[in-house]
Amino acid sequence: MDEVKESSINFIPCLAWVKRGACKSVPDKVKLSADELAEIIKCTQGDIDELEEAQEENGAIEDRTLDDGMDNDDADIEAKYNMDDYDNEEEMISDFGTLTVYARNQDDPILKAAKENIKDSEVWSDASSDENDEDFVLKATDNLILVGHVEEDAAMLEVYVYNAEEEALYVHHEILLPGAPICIEWLDYDPSASSPGNLAAIGTISPVIDIWDLDIVGCLEPALSLGKKAKKKKKIPGYGHKDAILSLSWNKNARNILASGSADKSAIVWDLEKGEVLQSVSVFEDDVQSLQFHPFEMQRLLTGSSDKFVREFDSRQPDLVKSWKVDSDVERVQYDHFNPNWYLVSTDSGMVYYFDTRTDKQLWQLRAHTQPCTALSLSTQVPGLLLTGSIDNSVKIWDIAANAPKMIFEKSVKIGSVYTIGCCPDVPWAFAFGGDRKDCSFKVWDCRESDKVRQQFESRRLSEPCSMSSEEGNSKENHEEQMDSSQPKKCKKKKKQKNSEI
């Protein structure tokens, strides 16, 4: 058996879960006509030509220079995700530009050869048979996991299917991205439809936010883009951010609103319906690393920056900003959805703080890790269950239900540096992890596999935080149920997947 070559570049900087029932049971597939494909090729070639013109204006590709501030920001991002060997965008685009693309399958010599090699008993058909594939059809008990993945020269969004009942985990489909992903946010607001959609907003090293339709397999371009790059040669000004997008948050209570934080030291609130900037905030002195809308109050936005400050903004009083200083650069911020006046923040020094937004002082602090605490995630339904992750390769489980946090369990998930953690919205014990281990950078783990975790939380009642969306009214009654104490089972991968494990 041939050995699988280990990737020199392989990391997952971001991921997001999709709740059950949010996606189409049978996703649509792109079927392009010859004219449509030819038009896409033409537009792509135009983008390549435009980039090459810009490069010529700025000098040779290898020797081109950027503004000092942009250099520093890019260096920070590359250092964080070990991207030293990752080919730059110009080289990737140049490679695509040398490919010969045929608008008609019958004109492609490779496809011609493939057809000639098909056995007489087989029939060549462009029609998809995916609908007959049980793994292609999405079930009511399926969750999706959106995984931003960089491997070698490829940047992609991998759409995983996770089914806890059937013990399954596999990649459903992939979307090639124009640049390395840094952050992902799921949302259901589709400005082109009257009913909820299934979309992913993705921030990359580009200043433009792309929003992809997850119910379409094989799409070649985003459904919507927010912002626009400046074109110096044509003297066309940019719109929106001016540097990489580092953080995204969708407002679940005002569904047409999305917030973004950038390396350009600003945060922007977007109107998805119009694709326009509603509000831009530039009080930050460094990168806006993390942000989140309040789970119930649509006007509140929490931000964390590399200037060592956490800030909360209120759209009703834009000039009134609350701020809290921490010991070092902020890595993550998260509201406690069980106690929505309180929030968590992790820092570059490995500290985790717990603040009350109504006061200036912290409720508690702890040294969670000796290196940067790059990941932070509360369980979606288990009160007090907190997971933290670090570039020290460890994941720790904490109980923060009492006044003082208590460490319950420490685990190495064996994915290298832990960059991101996310909890399943429907299975509150299941967490997904992204890291930088060369042969395995993604895992899903049910923390009930730990006896210590079970003993600590088994008597605790599950509590689904209320939603104040218009569909559900203003009721604040929590739906509670007794914890399922049955032993969790390890998922069986239905398909062999590279770089992922359970």
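Placed from the backbone N, Cα and C atoms, the Cβ positions cover glycine too.
Record features, source TrEMBL:
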| type | residues | note |
| --- | --- | --- |
| REPEAT | 238-280 | repeat 'WD' |
| REPEAT | 366-400 | repeat 'WD' |
| REGION | 455-502 | region 'Disordered' |
| COMPBIAS | 473-482 | compositional bias 'Basic and acidic residues' |
| COMPBIAS | 489-502 | compositional bias 'Basic residues' |
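When pLDDT is averaged over the repeat 'WD' (366-400), the result is 98. Remote same-chain partners of the repeat 'WD' (366-400), defined as residues 6 or more beyond its termini with a Cβ less than 8 Å from a stretch Cβ, comprise 331-332, 334, 336-338, 344, 346-352, 354, 406-426, 428-429, 431, 433, 435, 447, 450, 453, 456-457, 460, 462-465, 483. Secondary structure by DSSP for the repeat 'WD' (366-400): 0 helix, 16 strand, 19 coil.
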